[in-house]
Amino acid sequence: MTSTILIRGAKVLGGEPQDVLIEGETIARVGTGIEAEGATVVDARGAILLPGLVDLHTHLREPGREDSETVLTGTKAAAVGGFTAVHAMANTFPVADTAGVVEQVWRLGRESGYCDVQPVGAVTVGLEGKQLAELGAMHESAAGVRVFSDDGKCVDDAVIMRRALEYVKAFDGVVAQHAQEPRLTEGAQMNEGVVSAELGLGGWPAVAEESIIARDVLLAAHVGSRVHICHLSTAGSVEIVRWAKSKGWDVTAEVTPHHLLLTDELVRSYNPVYKVNPPLRTEADVLALREALADGTIDCVATDHAPHPHEDKDCEWSAAAMGMVGLETALSVVQHTMVDTGLLDWAQVADRMSFRPAAIGRLEGHGRPVAAGEPANLVLVDPAYRGVVDPAGFASRSRNTPYEGRELPGRVTHTFLRGRATVVDGKLA
Ligand SMILES: [Zn+2]
């Protein structure tokens, strides 16, 4: 039986209130005064309707670290955050460097039913940076991998990076680089600057990120291939990406919500919840990143959702794992830093969190306009909501959020995956 849902009075992409009729898996009509007998009606007056969000950078941890997250719990967290598709990073155990592993992750995602999972394939065998993984086999597998990344580690060998860029060009794939020069970041614990000097913690210089980005945009231009830069964190990185785009090179970039809000001043607390890779930077970097996301130099927001179990974070700073969960708070942080500050409107949020990440990943069925005939992958947001972040209520298996106790605006009230409500009134359906 086909279900019919009538979303009434939602501001589509922040515009005038409209009704949206969903029949089965598809948007049937968008307009005003739509009536549909027998439909489930969702009163969405005051809410913003966006296309389902797409994340280019999620760590789901399965296989191998199911104590921090599984595909099921991670996709539940994604749905709560308004996502209908996530790209699952390859740094699992075993590493997603073969057709077998990416197919396993892809299948687990389909079985979850909460959010589509598009596996990212490793660039090199075991993420060791020495030998190219079976990129073609992963692309040709049922998972249809198009994004390749050694994320967590940098592909620091220029010859390997060049070969990967050449290889993926054949099937319009993209290499997503975690830009971190390994020698310049040996023993690094936080951003290199005034705060690291005062605290006596090993510094992580901006140039360690920027030098790799500079090299890789040049390599991508030389090869005529696509490169995507993960989690930009410095003002200098923004300048390099801006320059590469001005040349017409096929370079895209993402920024995380936490790099749009938090600074290295927080490390003074020695609370490992603020330990993340790349590290939290300075206020000047945060402002440059916001401006770059607003003007389109940075294409999209990506969460870098990095769940860790309590015991890996609740220890002294130097021993703690790097990373933060992010799926369930991403849209609120973007509203807080970009919308409520007047830097982006909701149509641009749809662009940076749905259209563009889907386009970069060449993902079908997501990042589509809210229009008749399109798949009903949608999210309703209440922008007037104000709430304090309480990780105890997270759908994620992990709790390592830097926003605990912080008031953030906005709440996802409904998420629809191909017409099925995965979230209703802010709760998993
Ligand atoms: Zn990374």
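Positions of Cβ are set from backbone N, Cα and C atoms, glycine also.
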For the Zn(2+) 2 site that TrEMBL assigns to Asp151, His231, which of the candidates His139, His178, His258 is also assigned?
-> His178
TrEMBL annotation, Zn(2+) 1 site containing His57, His59, Asp151 - matching residue among Asp304, Asp312, Asp314 | Asp304
At the Cα level, what's the spacing in Å between His231 (Zn(2+) 2 binding site) and His57 (Zn(2+) 1 binding site), rounded?
-> 9
Restricting to the same chain and to sequence separations of six or more, state which residues have a Cβ under 8 Å from that of His59 (Zn(2+) 1 binding site).
-> Glu69, Gly74, Ala88, Met89, Asn91, Asp304, His305, Ala306, Pro307, Gly323
One should report the C-alpha separation between Asp151 (Zn(2+) 1 binding site) and Arg61 (substrate binding site), rounded to whole angstrom, as 13
Output: those binding-site residues from Arg61, His178, His308 whose CB lies less than 6 Å from an atom of ligand 1, in sequence order; none if no residue fits.
-> His178
Rounded inter-Cα distance in Å - Arg61 (substrate binding site), His178 (Zn(2+) 2 binding site) | 17
Could you find out if DSSP has His178 (Zn(2+) 2 binding site) as helix, strand or coil?
-> coil
